[in-house]
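One structure is given below, encoded as structure tokens.
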Amino acid sequence: MADHHDSRRRYSHTRHHSASKSPVALMDRIVERSPPLHPQPSSRMSLSALVNDSPSPPRRITPPPAAYAERHPHPSAYYPSSTTDPGYMGAMDDRRYSYPPPRTSYVQPSTHPSPTASDYRYRSPVLPQHPPTHHSPSSYSASLYGQPKEDPAIAYARMREEMRTAEEARREAEALEYRRKRDMEFAARRPGSELMDDPRRIPHSSFPRSQMYGPSADQSRVMPSRNGKDYISEPPSPSELYPTDEDTERLPIDRYRRDIDVPPLPRQLPPPPSEIGRMADRARSPSAPIAPPLLKVVRKRTKVIRPNDFLVGNEDVWEDGLIRYQSKREDEVRAIAQWAASCQVRNGVGEPSLPQTQDESIKVRKINGDIATPTNKKKRKSRKLNLDDELLGLASSPPGSPNAAAEAEKSESKHHIYGMNGPIDPANPPSPSTIVYPSGLTRAEVIAKCEAGDVEGLTEDDVKAVQDEMWMREKAAQAAENGGVLPTNKDGTVRRKPGPAKGWRKIRGIDKKKETTPGKAQSTTAGSVAGSVADEEAEADIAALLDDSIAKKGKKVKRRKLEEPGAESPRFADAEDEYNEHRPSDSVLLDEIEDEHSRAGSVGESNALDTLPAASAPPKKKNSKTKEPGVGKGRWTRPTKPEKELVKKAEALASRTSKASLAGPSDDTFGVGPGPAEEVQEEIKHEYAPNTHDPRGVSENEAKIRHELVEDLQKQAWSNIVRDVPRIYRVFQGYDQSMKQIAQRRAQACVRNAFGQRNQKTMQRQSGKVNKEGAAKAKRIVKELAAFWRKNEKDEVIARKKAEREALERAKAEEEARETKRQSRKLNFLLTQTELYSHFIGKKIKTKEAEAAEGMDVEEEEKRGMEEIAIGEDGEPLPDLDYDEDDEENLRKHAARGAQAAIQAARDKARAFDDSIVGRGAPLPGDDTMDGDELNFQNPSLGENSVTITQPKMLMAQLKEYQLKGLTWLGNLYEQGINGILADEMGLGKTIQSISLLAYLAEHHNLWGPFLVIAPASTLHNWQQELARFVPRLKALPYWGSPKDRETLRKIWSRKNQTFSEDSPFHILITSYQLAVQDEKYLQGMKWQYMILDEAQAIKSSSSARWKSLLSLHCRNRLLLTGTPIQNSMHELWALLHFIMPQLFDSHEEFAEWFSKDIESSSGGVTGNLKPEQLKRLHMILKPFMLRRVKKHVQKELGDKIEIDLLVDLSQRQREIYKALRQRVSITDLLATAENNTDNGNPKNMRSLVNLVMQFRKVCNHPDLFERADVVSPFVFGEFSQSGNLAREGDGMYLPDSARNAIEVQIPRILWTDGGKLDIPGEQSLAGSDTKILQNLLNIWTPEWINERTKCADAEFGFVKLVGSSPGETSRSAKSPVLVQLLEGAEKERRWTEEGRFVDDSEFAASVKKGFRVPSVIPVLTQPGQVSLREISRRVWDESYLSRDDARCIGDYAIAPIVKPIASNRSFLNAQDRILNQPLAHSTLYGLAPSELHDPLAAEQFSRIAPSVPLTGLIPSSASSQTPVSPLHIPPTKRLIVDSAKLARLDSLLRELKAGGHRVLLYFQMTKMMDLIEEYLIFRQYKYLRLDGSSPIAERRDMVTSWQTNPDIFVFCLSTRAGGLGINLTAADTVIFYDHDWNPSSDAQAMDRAHRVGQTKQVTVYRLVARGTIEERILQMARGKKDIQDVVVGTKSVSDVAKPSEIVSLFMDDEELAESVAKRKQAEAHGYIAPTIIPNGRRSQFGDGLVLDDGEGDDGFFNAAAAARANAEEEEGLGAEEESKGKGKAKAAAAVTFPVPGEKRSHKKGMGKKAQAAAAAAALERVIAGNEEPLAASKPPAKKKVKIALGPDGLPL
């Protein structure tokens, strides 16, 4: 791609041959923009520069003659000045603000829309006074022919000199103009010159405004200069010079001749060709009058003030001026458009049109239908061609437009050949001195240059003007040789030069070959000069914008069809295609569009070719295939992030521009020319849309967006200023008023002091004493009066309040008495109504007979005369029901009628459901054995007609007797349309009974569904397996999984109007509670025959969304399966009863008032007042709807269940932590918190209480739940090198010691190389041997010295002879390391022992023992078989605490590697490494590597190196007491067992069970405790499984299957809630509760996983309980909760039931309780009332002193709602596959919740006796201590917040 400077250099040669053209002649060519000017560096760019593009020179400009330039020596307004111009050179040097000028004088390419007049830095051109008059072409040529001929070389030199003179004159004029402007600037800055014009010039200007304006005095409209000025003038609008449509006054231009200074044209040169063309057109049409152009001049000069350019950030003051400026610009655009449309431009004879390339000529002719479209053939011609060949290849068509070519063809018959100035007669050729345009040379000069091959300065039109004459000369010469005959055609006409102007294309290639490539010339737009210039500029812009190198040329275009046929749009196009599609150059030539239809429209308008018929120009696709950038061969480069953002932004802007263009031309762009507005036919979408038309890097749309952003910021800033103006004004106004008031007060004070000071002092002296006494008396009197009346009013208020209070208490007591009687009658009525309903329903469905089994006691029903109740006839009017009356008979009659209505409603509901099923086409059910109509309330004796059900035949199992009775009871429920609760104890087969009921309905009643089974997530697979096992004819559809899977399943069962038979796709739908709530809207669309809820305690909370969602499902009957209908309170029972019978049990308050209060309070055994009559009535109400059997009554073959409590004492560490927690708990705070634990209390109190309980339970489980004993290591003062990838090392990894001390010691290298370094003795030691003297004289370990000294008497080496060693061995031994010496000594002893003689056996005959030695006579103290004393001492030492590593040696706080000296010598470093890492020592100490232990070759080699050393090394083979202590202390695993008393007891218990062959279920409450148990089981190597709330459903099923089938698994760890519901684990015979649940039902369900139907062994249940801790008391409270259901559904009536207020007793010992009771009695004797806590007040909480994180949360210990939510989370298994695929982990303990609304407890009734005693005693202690007054509720002293600091052993410090 050619750069900008190259384009300037190419343009330079044309500037020597052309001058600036007159503005008058160029007025009709101001059609489009060029790249904008560079901004001034000294000032900020104004907003208009962002919104509007800068001016551009117009296209197709013909320079004026040189003489004109001499008269007007100003540079052209449309072209930059010459290369010697300082402004031009500056623009070239600064690439940021430069752009390439046009390379030729004909066309200036651009891809901009049409400009506005304000874009130019000069005033709009004006028209001359009269249209210029010129000679006709023929007369003009004749005048030229008459002149004498001039030599071509002389004429050429003369023109050169004229042009040089014109250039110098122009420069002088510019210098004068610059000085004049500068003087005006200085004059304008002087005072009084505000109204003067500002003729400042823009620096680096390539377009001096003097060319356009000429020497005019009015130079006010200029741009701001670098220096800046206070005022700037607004630019003129075109409306001042040109007419608009709104103009009412049109004046000819002659009236304004004096106001317009237009220089006359030169006389010695011909007029420009454009004017010749206009004159010729006017001459052809004499009828058309020549109307002078009209102008409307508005002389208005306004100035706007602007700030100094140095005020950065104050451009907001330009806003109004810019808005007005922009509006003027829009008006100017419209004015220019209208003016251009009014100009009729015609090309005359001989006038050159825009140059066309071969491709464009072919396109035009194709439209006109003259020639066909030729195929593109790429043929390379030789670069060396003769000029004759090129001239012979020139086009025969004349230059100009297709119309001109057509006229030339018409004139062929007249033997005319079109030249530059009109038709030329071959017989009379033009004069050689005729001027050829646009070059300005004579014909002789042009012919001479063409013949010489020098085409510099010539254009295609110049060559075409003379090519015919040159061809005729050549043919004439040939004809002279051939006989003087010119070549003629068949019709006799002279043959013209054949073919298009190919020769000129080749000639032009001489100066083009450096600019373009062959591939570029073949593109669609490379045929014209404009296209080539635009392409190169676009490519330069793209390269600059994308920061890329030269853009790829010749990129192909991939076109796609648009909506309209024949329309094509490039998918990926480069700058050439973009220019071709959006080229606006020719669209503005109105005359050529109107007459010739030759080129495309401008931006925003449709192509002129689109207006022609499709038949004349059929669309043709391009043959080239375009690939996306980076696709295909070559390397693909991913665009960077800025490029991606730029592409997205460009695409958005392109779409925005296309939409705007479809709507019509905007204010910035306009279409010039008459005719209708054209619409855009193609929407171009580029892969890359960089800025290709603006060197500044800002496109028009981007500039608009920036302008909008700047406007938004300015508006925001101004809005803030406007918003703050009133406030600041108020502040200023207030300040002003305050200052005025202060000044006024000061003035008044001054006046008083000035005029009245003397008089005031005199009066004060006279009456000072009197006034003082009177004031004191007055004050005393007023005070006494106020005290008297205040006391009087207080006494009156007290008396009045006392009387009102007494009256209120009396009225309240009377109202309470009346309300009590009323509620009693109301409850009696409701109970009577419910009893009547239950009595007859119970007789009907035989609940009594179903419960009556062998060994089970059943009460005899007392006849209360219900059969004899006389209700009267139906419809008998009864008195209104009034609970205030004492008419019991009326209440009984209303109750009987209500019961009858309830029975009738249930019967009608069941019948309506059956009718709806029949109406949908379902088969009729079989005949019922008993009709519902027979249930007549008047005759209750209907038991003999009840249904007796046998086992269904399709059931593939044998039901037991009690199960068959349960099936009969369920069948009778269905017959009556009644819902029920099957509450058999866990393990009695509730599932098989419900399955048999479905089989009974399908077999006997032909009801095949749909049935809905909702169960916990852990039991879904169990339901599916049992249905497929027992009733294979019933098709079960499992409905769970991901949302997509469920959507697929819904297509099966949610179809409307489907009938159910045996062949239906499904009969039973199985899903979970969670999915039933989520897909409630889909389940409500079905009408279910039966809905079965397994583990129905999941809906025991009536306030939960689950309870409400399931209650809204449409079903005929509901069946609840639960083993624990009552878990905590009567509220749960009411929730289940309301779910099955909402008509009867509709009020929970009434039910709780009658039953809950008395039963729950009486279970405490202290204040119980439950009457037997109430209990019997409750049983009578529940029995018809609930069937419950227990195992001991109905299951004889089931093994026994034994429960054993294992009480353990806390370990030392646990006791210390428990004691520390206990000391930081204030009993007083606990009591106050328990009293305040009401619905309106502070919820933080409850949370703190729950948190405290969790901390104590953690201590009881394991102290590591607080803080694990971490690995302890000292601080290492050193560095380590980073290891590589260990996966690549394989089995044998090389891990050298890389520890390096941070301290480095540098030693001189001379110490190592030249001696002087100390070293340890050794074979290779250099100590003392660096020199000859040290080696021989001073070294005593040499063999020579040792041998010499052995010969001397009393020598130091005399021992050598005694030991039998040679001097050489002694020297080598001395120099060897100690380890080598030991190994050699051991080897000698081994050989001596194995190979030596027996010298130590005194009884051996051949003994060589010395005779003088005496054998040992020490007696042996141990008998054979006894343990030696040495072994005993070793065992005791090993078992002692002191033998542990952490006890033997205190760990260092910091360690550091040795400091290694460093010298710059490689041999020194190697020697150091050999000393530190000796292979022999390393192998001896650590032995072989683990991978080499079993390698015989390695073992043999090791034995040779280190004989008598085991293969594992000396350190592993040595005792622990002999090995060094490791600095890394790892807690032993045994400590995990010893620190917890429960875990230590569990360890011993598991050993016993493992030895006995038992299998264990281990239940936990905390998941963190399960993690610790997993470590223990791994340590003991027990096989185990783990199931908690995070286990997915599929894994749960697999784990249960593995447990049941694999006897090798010893332990199954489960959480109580996740593993205690609905799964069968009968393979286990032992259940261990590590920590028990607060809810006894949860533990009961968990243990029944093993003790259930199918268990043949005896089940043993162990409970690990910490003695004397909170766990022991919690277990007592939990067992007391179990007695509630025994009271309700059993026979037990009295038990200890815990209250939330009795939580305090969990933290108190028996002695503390007894002491509290004694103190409470003393307090009651003194009339003390226990204080309460203000709910909203912030008090110090008892838990504040315990800054501990529970980590587990509450398990619902004190809250039923929390327990319900916890159960819901566990039973759903939050790791289920349906949604999260294992995401989320449900802990065994649920989150902390707060009391359920509705459970109101008063202080007196809510607190137990022990808690009340403790509260009174604590309060009395404070009274006696004097801290508070009696009868006052004061808060206890705040407790200090203390953190428990744990030591390294885990104990509190």
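Any Cβ shown, glycine's included, is placed from N, Cα and C.
Noted in Swiss-Prot for the protein shown:
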BINDING   D984, E985, M986, G987, L988, G989, K990, T991  ATP binding site
COILED    790-833  coiled coil
COMPBIAS  7-19  compositional bias 'Basic residues'
COMPBIAS  189-201  compositional bias 'Basic and acidic residues'
COMPBIAS  392-406  compositional bias 'Low complexity'
COMPBIAS  495-507  compositional bias 'Basic residues'
COMPBIAS  508-517  compositional bias 'Basic and acidic residues'
COMPBIAS  640-651  compositional bias 'Basic and acidic residues'
DOMAIN    971-1143  domain 'Helicase ATP-binding'
DOMAIN    1545-1695  domain 'Helicase C-terminal'
REGION    1-148  region 'Disordered'
REGION    189-250  region 'Disordered'
REGION    391-430  region 'Disordered'
REGION    478-534  region 'Disordered'
REGION    546-676  region 'Disordered'
REGION    1768-1788  region 'Disordered'
REGION    1828-1853  region 'Disordered'
MOTIF     1094-1097  motif 'DEAQ box'
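In the structure shown, across all protein chains, L988 is the one of the binding-site residues M986, L988 with the greatest number of other Cβ atoms within 10 Å. Listed in chain order, the extra residues whose Cβ falls within 8 Å of the Cβ center of the ATP site residues D984, E985, M986, G987, L988, G989, K990, T991 are G1123, R1652, V1653. For K990 (ATP binding site), the Cβ neighbour count at a 10 Å cut-off comes to 25, with all displayed protein chains included. Its own atom aside, the Cβ of G987 (ATP binding site) has 23 Cβ atoms within 10 angstroms in the protein chains shown. Secondary structure at G987 (ATP binding site), taken from DSSP and collapsed to helix, strand or coil, is coil. Spatially close to E985 (ATP binding site) yet at least six residues away along the chain are G1123, R1188, R1189, V1190, K1191, D1648, judged by Cβ distances under 8 angstroms. When Cβ atoms from all protein chains are considered, those within 10 Å of T991 (ATP binding site) total 23, not counting its own. In the motif 'DEAQ box' (1094-1097), helix, strand and coil residues by DSSP number 2 helix, 1 strand, 1 coil. Non-local contacts of D984 (ATP binding site) by the CB criterion (under 8 A, 6+ apart in sequence, same chain) comprise G966, K990, Q993, G1123, L1187, R1188, R1189, V1190.
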